[in-house]
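Summarising the annotation, Swiss-Prot assigns active site, proton donor/acceptor to 92, 182 and lists sequence analysis as the type of evidence. Look at Swiss-Prot and you will find 154 tagged as active site, schiff-base intermediate with acetaldehyde.
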């Protein structure tokens, strides 16, 4: 795989609280320069990203219910609508992990369905936070996502105790079939990214995108 091909797997990411306007501007410039698929940013920066990415092919991805996923469903749906109105091209929502742990699967499904409906055709990725789930819970969550028809299931927020693993990516891909799988959290070098893709990942979320496509390792990145 060429570096240009690998770049098209990457959502170039900056989600930590301290990121300022210059950081987001730099992120957008890097995404254009290296041909990344998208930038993944908090929704408050969508207008800035829209301005910086004008005329390019780089998409704007934003997060909903991030990073805990424990918001009211109505708030997630409203957040989704507002983000799309502002210019988001893709939505990454966080599943309600607490409801999964409470075995409230109907509520989990309703939560995702409400955001999916709010997307109104905009691609939706559902973050499972796999490091907090059992294998059975991962499978069940993936089955719900597949039934609803979301675009992707995604491993992690990058804000918890663990990120993507090859094992979890493979399990997710095996469960969802033709739906996309996004590996995020801890993917910081070419070798790891390629291992995730081999396991079934069709998108990589990383703040270390430049290191990934250039064959170096980014020891500073946390996502």
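Backbone N, Cα and C atoms are what each Cβ position is placed from, and that goes for glycine too.
Not measured: the values here are computed from a predicted model.
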Around the Cβ of residue 154 (active site, schiff-base intermediate with acetaldehyde), other Cβ atoms within 10 Å, all chains included, total 30
The rounded CA-CA distance in Å from residue 154 (active site, schiff-base intermediate with acetaldehyde) to residue 182 (active site, proton donor/acceptor) is 4
For the residue listed as 'active site, schiff-base intermediate with acetaldehyde', the three-state DSSP class is strand
CB neighbours within 10 A of residue 182 (active site, proton donor/acceptor), counting all protein chains shown, number 28
Sequence-ordered list of residues in the chain of residue 92 (active site, proton donor/acceptor) that lie 6 or more positions away and have a Cβ within less than 8 Å of its Cβ, or none, is 40, 61, 62, 63, 64, 66, 125, 127, 154, 182, 205
Residue 92 (active site, proton donor/acceptor) falls, by DSSP collapsed to helix, strand or coil, into strand
